[in-house]
Amino acid sequence: MTLTDSEMEYIEGILGRKMNELEEGMLDVMFSEHCSYKSSRPILGTFPTEGENIILGPGDDAGLVSVTDKYALAVGMESHNHPSAIEPYGGAGTGIGGILRDIISMGARPIALLDSLRFGSLDDEKSKYLFEHVVEGISDYGNRVGVPTVAGEVEFDDSFRTNPLVNVMCVGLVEKDKIVRGKAPYVGDVFLLMGGTTGRDGIHGVTFASEELTSDSETEDRPAVQVADPFTKKRVLEASLEILDEINVSGVKDLGGGGLTCCISELVDESNNGARVDLRNIPLRETGMTPYEIMLSESQERMVFVINPKDVKKAQEICDKHEIVSAVIGEVIDGNNMIIDDEGSSLADLPTILLADPPSLNRELKEIAEDTSKVEVDHPPVRQSLLELLSSPNIASKQWVYKQYDHEVQVRTVVKPGDDAAVLRIDDDTAIALTTDANTIHTKLSPFDGGAGCVAEAIRNVISMGATPYAVVDCLNFGNPETPEILWQFKRTIEGMSLVAENFNAPVISGNVSFYNETEGIKINPTPAVGVIGVENIENIRTMDFKNSGDKILLIGTTYDEVTGSEYHRTIHNIEKGMAPRIRIEDELANGKTILKLLDEDSSKNITAVHDVSHGGLAVALSEMVMKGNIGCEIDLDSIITSEDLEESDLIYSESHGRYIITVNADAVDEILNKIDVPVAIIGEVKGAVLKLGDNEFTIDELNDSYHGVIEKYMA
């Protein structure tokens, strides 16, 4: 049990009595950090959550964004970190299953998955094992349920050796008049439990996720990891959507963390009603299960529909058709209590508000002094450093990962993995751009600028594809919130994220907090993994690859002396200190709006490529454009707009925010330049078969040999 003495006293003060074993187990689950957000809730409330395109912000299983007159997107992001550290294949698979159920719970059909993954160094055998089996778990689950995995990111850093991060984003499509919510508004409606049967797996999964891992966790906590079943999930998905299409459903919610306890209590509390649950009606996978085990089980692939009794027969016929189990397990009642019965005997009787709305905590915060010193290094020759940087697993091609994913099932994918963002078709005119991003070194060095930078980079990625950013989702991965310095990092990160989201009118509509990501004193780098959804006219889509010899290369934005905290410093110099790149929000906003305006007015397609500058700086961004297009370029480094005189390596590896590379048809350069009123310079031309950076030349083959096959060699 993880209930503290003060929480026990609070609970018993409200009840006016002692809890029995079942009640204590139910409340232990609901008071866990994972379910209650008791440490983070006061801080999360500072996020901007409303906007003109937002139908629903945080509070339900997913957020909702309007994309056309007819359609909305359901968008969510979840973590499955602790389970994946213990059982990587199953932990990753059940993470996919959970976010898919969240999207289905809004009435939407899942159309895309994205993943944001972090592991220790690939020189470490345990990290390789976790990486291999997490990717396998995501691949097997996503491919078998028929939902494409279209984008994502992977980082390798020693801070994640014992605490890998498995964050998954899902997007679903729903007609606006078919949206449902996680509510139980009508007394007399019944709870129809459908999907998989209830077993002993996952009991106390949420309390396990609300504690630090230890060296014994791999054996002691394995029973808390749920068992994935993608084949049942596919049937549950189709049956759920058919029920929603055929029946007037009052509400629906998936059974994830906290199992039936969490699902039922949140359904009725949202509608200020009560619930009665009859345990004897719940389909069980194992014999001899106790009420405690039944109510706390986190067995996968289960959903609860709130429906009128007259619709039960129709709903169960649909379940039978899809060969999944279903049963009426209770009803919505007057009052505000959740009552658990078994053969007429009341086993638990708890106020729903006590279960679904535990008190938040006002934990201590302690500021960490930021390192603002200038980090001086001896730069190796650019010929050496760029090829070495391209062969770093953090920069190198992630084809080993995404080739295992089916990214074209459902035939909506317009731009595939490997670009700034994935693009999916919604209808003949409308597409959406999707991306996930994080920069854990920046966030470690400066939580505010790191948090702001994560949102800004994700927004630049969708803008580079021609899409207007509509909304943000997140997974906020941190250490122990009981440590004042950790909670200060968390607060400052959210303040930075909020600054950018608010200025771009891209509210935070859904997300997840994962605390306690540390093992015996080893803490992860603070990791705000950010997903952004952008919407665009299909005609505005651009990609990063160089297209035509003779095109002029323009760099929009100013380059600052901001190489500290960069991939260059981490990879080439093994340094992770100094000042992180700062967010200059006015410039970030102006430059982003400039790109969108240029693309919107470019009916002749004179702008042929767009790419943002981020990890690895200008040198890596240009290398990617060369390799993608299989055509070289010549860059005049002296033409780049800078804040001051910079050494060559500081210039090409700076990770200053707010910068975009665009290529323009030579005949249209003057026309395009006349439309730009932010810092811009012609820095080169697309030509030949080499990348020429000042006096440094690289053949396309050299770049490809460094960039491709890196992860494959580690995993061979």
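Just so you know, glycine gets a Cβ as well, placed from its N, Cα and C.
Straight from Swiss-Prot, the features:
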type	residues	note
ACT_SITE	H34	active site
ACT_SITE	H80	active site, proton acceptor
BINDING	Y37, D474, G511	ATP binding site
BINDING	E78, N512	Mg(2+) 1 binding site
BINDING	S79, H80, N81, H82, R101, Q226, E298, S299, Q300, S514	substrate binding site
BINDING	D102, D254	Mg(2+) 2 binding site
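In this view, the densest Cβ surroundings among the recorded positions H34, H80, R101 belong to H80, judged by other Cβ atoms lying within 10 Å.
Note on proximity: of the binding-site residues S79, E298, Q300, the one nearest G511 (ATP binding site) is S79, by Cα distance.
Max Cα-Cα distance over the annotated ATP binders (Y37, D474, G511) is 15 Å. Neighbouring residues of the recorded ATP site, listed in sequence order and excluding Y37, D474, G511, comprise S40, L44, P58, M77, C475, L476, V508, S510, N512, V513 (Cβ within 8 Å of the Cβ centroid). Using CA atoms as reference points, the recorded positions H34, E78, H80, N81, N512 were checked against D254 (Mg(2+) 2 binding site), and the closest is E78. Ranking the binding-site residues D102, D254, D474 by the number of CB atoms within 10 A of their own CB puts D474 at the top. With the fewest other C-beta atoms within 10 Å around its C-beta, N512 stands out among the binding-site residues N81, Q300, N512. With Q300 (substrate binding site) as the anchor, the candidate recorded positions are H34, Y37, H80, N512, and the one with the nearest CA is H80. In this structure, the CA atom of N512 (Mg(2+) 1 binding site) is 9 Å away from the CA atom of Y37 (ATP binding site).
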